Amino acid sequence: SDLWVQKMKTYFNRIDFDKDGAITRMDFESMAERFAKESEMKAEHAKVLMDSLTGVWDNFLTAVAGGKGIDETTFINSMKEMVKNPEAKSVVEGPLPLFFRAVDTNEDNNISRDEYGIFFGMLGLDKTMAPASFDAIDTNNDGLLSLEEFVIAGSDFFMNDGDSTNKVFWGPLV
């Protein structure tokens, strides 16, 4: 659907950190560096964050890239093929706990509104956009995102061809 393509373009736009038209390992490194700086995290946490975010590239996207950067068309076409595969859900969900760990800066196994705002800042978005996305994902309305809520919302973002509240998982659609 057009909505699904728009969601994939949104994800690509958020992850193409240097806006050079391709997703590369450098985008994930830059994201980790900005996040560590914005959240003023300790050096050991910054290392875990770097490992988590570069792990998304190393473990999941490098196969699509074939050792190079991934342009938007290649990314969208790869995702189209992936979501048709019944086993794709585990591949799509694989990086989500890594992102969760990156966003859960105080390591309490929940993401707070403030942490989600930092996440939006890390993606280069206005932090004031975060509450609407946070509320859409916080299905039990307890003011915290659990790993389960985060993974379900992230998986739905990629796998659901229709409209859902999780379409704003990575912020407003581009």
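Cβ atoms are placed via backbone N, Cα and C, with glycine included.
Database features (Swiss-Prot):
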type: MOD_RES; residues: Ser1; note: N-acetylserine
type: DOMAIN; residues: 3-38; note: domain 'EF-hand 1'
type: BINDING; residues: Asp16, Asp18, Asp20, Asp27; note: Ca(2+) 1 binding site
type: DOMAIN; residues: 55-90; note: domain 'EF-hand 2'
type: DOMAIN; residues: 91-126; note: domain 'EF-hand 3'
type: BINDING; residues: Asp104, Asn106, Asp108, Asn110, Glu115; note: Ca(2+) 2 binding site
type: DOMAIN; residues: 127-160; note: domain 'EF-hand 4'
type: BINDING; residues: Asp138, Asn140, Asp142, Glu149; note: Ca(2+) 3 binding site
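Sequence features annotated in Swiss-Prot and their locations in the structure.
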| residue | record | DSSP class |
| --- | --- | --- |
| Ser1 | N-acetylserine | coil |
| Asp16 | Ca(2+) 1 binding site | coil |
| Asp104 | Ca(2+) 2 binding site | coil |
| Asn110 | Ca(2+) 2 binding site | strand |
| Asn140 | Ca(2+) 3 binding site | coil |
| Glu149 | Ca(2+) 3 binding site | helix |
Query: Of the binding-site residues Asp16, Asn106, Asp108, Asn110, Glu115, which one sits closest to Asp142 (Ca(2+) 3 binding site) when you measure Cα to Cα?
result: Asn110
Message: Please report, as numbers and ranges, the same-chain residues at least 6 past the borders of the domain 'EF-hand 4' (127-160) whose CB is under 8 Å from any CB of it.
response: 4, 7-8, 11, 79, 83, 88-89, 92-93, 96-97, 99-100, 103, 109-113, 116-121, 166-172
Counts of helix, strand and coil residues, the domain 'EF-hand 2' (55-90), according to DSSP: 27 helix, 2 strand, 7 coil
- line: Quick note, Asp18 (Ca(2+) 1 binding site) and Glu115 (Ca(2+) 2 binding site): C-alpha atoms separated, nearest Å, by 22
- request: Measure from the Cβ of Asp138 (Ca(2+) 3 binding site) and count the other Cβ atoms within 10 Å, all protein chains considered.
  value: 20
- prompt: In the structure shown, which of the binding-site residues Asp16, Asp18, Asp27, Glu115, Glu149 has the fewest Cβ neighbours within 10 Å?
  reply: Asp18
- line: Whole-Å Cα distance, Asp104 (Ca(2+) 2 binding site) to Asp27 (Ca(2+) 1 binding site), is 20
Statement: One should report the C-alpha separation between Glu115 (Ca(2+) 2 binding site) and Asp138 (Ca(2+) 3 binding site), rounded to whole angstrom, as 13
- prompt: Taking just the CA atoms, what is the gap between Asn110 (Ca(2+) 2 binding site) and Asp27 (Ca(2+) 1 binding site) in Å?
  reply: 25
- request: Around the recorded Ca(2+) 3 site, report the further residues of that chain (criterion: Cβ within 8 Å of the mean position of the Cβ atoms of Asp138, Asn140, Asp142, Glu149; site residues excluded), sequence-ordered.
  value: Ile137, Thr139, Asn141, Gly143, Leu144, Leu145, Ser146
Other residues, Cβ within 8 Å of Asp16, Asp18, Asp20, Asp27 Cβ centroid (Ca(2+) 1 site): Ile15, Phe17, Lys19, Gly21, Ala22, Ile23, Thr24, Met26, Ser30, Gly69
Message: If you count other CB atoms within 10 A of each CB, which of Asp20, Asp104, Asp108, Asp142 wins among these binding-site residues?
response: Asp104
